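Pasting a structure here, questions to come.
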Amino acid sequence: MEGAEGSDSCDGIQVLLSREVIDAAPQCPHGPTLLFVKVSQGKEQGRRFYACSACRDRKDCHFFQWEDDKVSQARLAAREEYNKSHQPPMTHAQYVGRFQEFTELPLAKRKFCSDCQQLLLPTNWESHSGHRVLGDISLSQLKRPSQLLHPLENKKANAQYLFAERSCTFLMDTIIALGFRRVLCVGTPRLHELIKLRACEGATPPIKSLLLDIDFRYSQFYWEEEFCHYNMFNHHFFGGEAAKMVCQKFLQEEDGKGALLVTDPPFGGLVEPLAFSFKRLREMWKTTNPENESNLPILWMFPYFFESRILQCFPDFTMLDYQVDYDNHALYKHGKTGRKQSPVRIFTDLPPDKIVLPAIEGYRFCSVCERFVCSGNKHCNICNCCTSKDGRPWKHCTQCNKCVKPSWTHCSACNHCALPDHPCGTAGRGCFLCGGKDHKRRGCPHQSVSAHGKRMENLKQKNIKGSMKKQPIAATSKKRKRKRNNP
């Protein structure tokens, strides 16, 4: 992965984003779909198409529609019915009612089905008799649902790599130190739990939290004012206007003062749709005071090799050196060394010198850069900054005039630094949009833009590209059969 991190290589699929496009998009079970197009040499090639916003693999969501398709009323009705059948079996209000009834049961009657991931009332016991069932569910366990629920681990859609206690505590301490009193937790259930546990203990200062997450299972444990079923890739509230108003009311309390957005999206997700949704959440926060020039602050957890993409969406963001670690990820854990360290960092528009990283973990303050850096991040006097991205000491290359990874060497044939065993030559270099050799696609002056002048994100996705290729004749009958069964 070291040779590919931060690469501009792509397969020519881009996503077009604007409110008008999303409002007009057909819906799949995950809400409005996104509009994609294949681009080559700066021009659109072929037809635009709609695909699921949350699932990049069509095995997870098979929705596909050409933009110019004429969809019959019968097919629209079948699609609507299909989407409804793939929604949670109960409304949030019904889940809340079940939760109240569950908490009133004696300890011996509180059961949880591990197979179905569901709290069981006595009337449900018989239908789950052959399943793996946990008994004696305590009230303290109900306050930590992320430890009861199995994490969803599809990294391209709804991956749940849950914060380790170390990182969760650091975030909590930072929130308190910076004076925030309301936290919008977008895809961060562990942090939401910690904030609520702290509130139950009567800790001061009091902090409130609202969880937005695509995992509807949390509806079983939280009131409607504490959780909203939400897709962060298309800004879709599954609970409709009522859920949207819950979020807006939360953000606008005390005229929006003391609010913070903390998010931890799936690492396989597209950056620009995420940024588009976060900007819309900012707009919800700003509604009460449109004249306010400030923005809702954001802490965004994402791998460091997406830095350039995030900065293109949020130029005022800074990447912190803090390494975020997770309980249920084999590699993203604290204490590992070299390239085994977690690549997940915090991107934020908050002043980096105000976010104090723990000295006990080796972080120190660089007075020149005016931010905290990890022990391996040495200040380069030539670059005039602490240049390391991955925690290892980087070295300065005078020919490239920048710092590079310690394992890289300068290649005179390619005229840049790379891994020693890299393939030499000019293949793959330059811009695939216009063919220019002096820049990459992301810096192309002929870049295609959306209706609002925003840069369109390139979709690094082989699955969609593969799905557009012609299939062998032997598979044609199966495809037609699937098309009849799946609206």
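Cβ atoms are placed via backbone N, Cα and C, with glycine included.
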Among 123-140, 141-158, 429-446, indicate the range for which Swiss-Prot gives the feature zinc finger.
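Per Swiss-Prot, the stretch marked zinc finger is 429-446.
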Cβ-Cβ under 8 Å from C28 (Zn(2+) 1 binding site), same chain, 6 or more residues apart: which ones?
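Expected: C52, C61, F63, N83.
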Can you figure out which of C369, C383, C414, H422 (the binding-site residues) comes closest in space to L162 (S-adenosyl-L-methionine binding site), comparing Cα atoms?
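Ranked by Cα distance from L162 (S-adenosyl-L-methionine binding site), first place goes to C369.
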By CA-CA distance, flag whichever of C380, C386, C417, C424 among the binding-site residues is nearest to R190 (S-adenosyl-L-methionine binding site).
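Smallest Cα separation from R190 (S-adenosyl-L-methionine binding site) among C380, C386, C417, C424: C386.
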Work through the binding-site residues one by one (C116, D264, C380, C414, C424) and name whichever has its CA nearest to the CA of C397 (Zn(2+) 5 binding site).
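That would be C380, nearest by Cα distance.
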Work out how many Å separate C424 (Zn(2+) 6 binding site) and H410 (Zn(2+) 5 binding site) at their Cα atoms, rounded off.
11
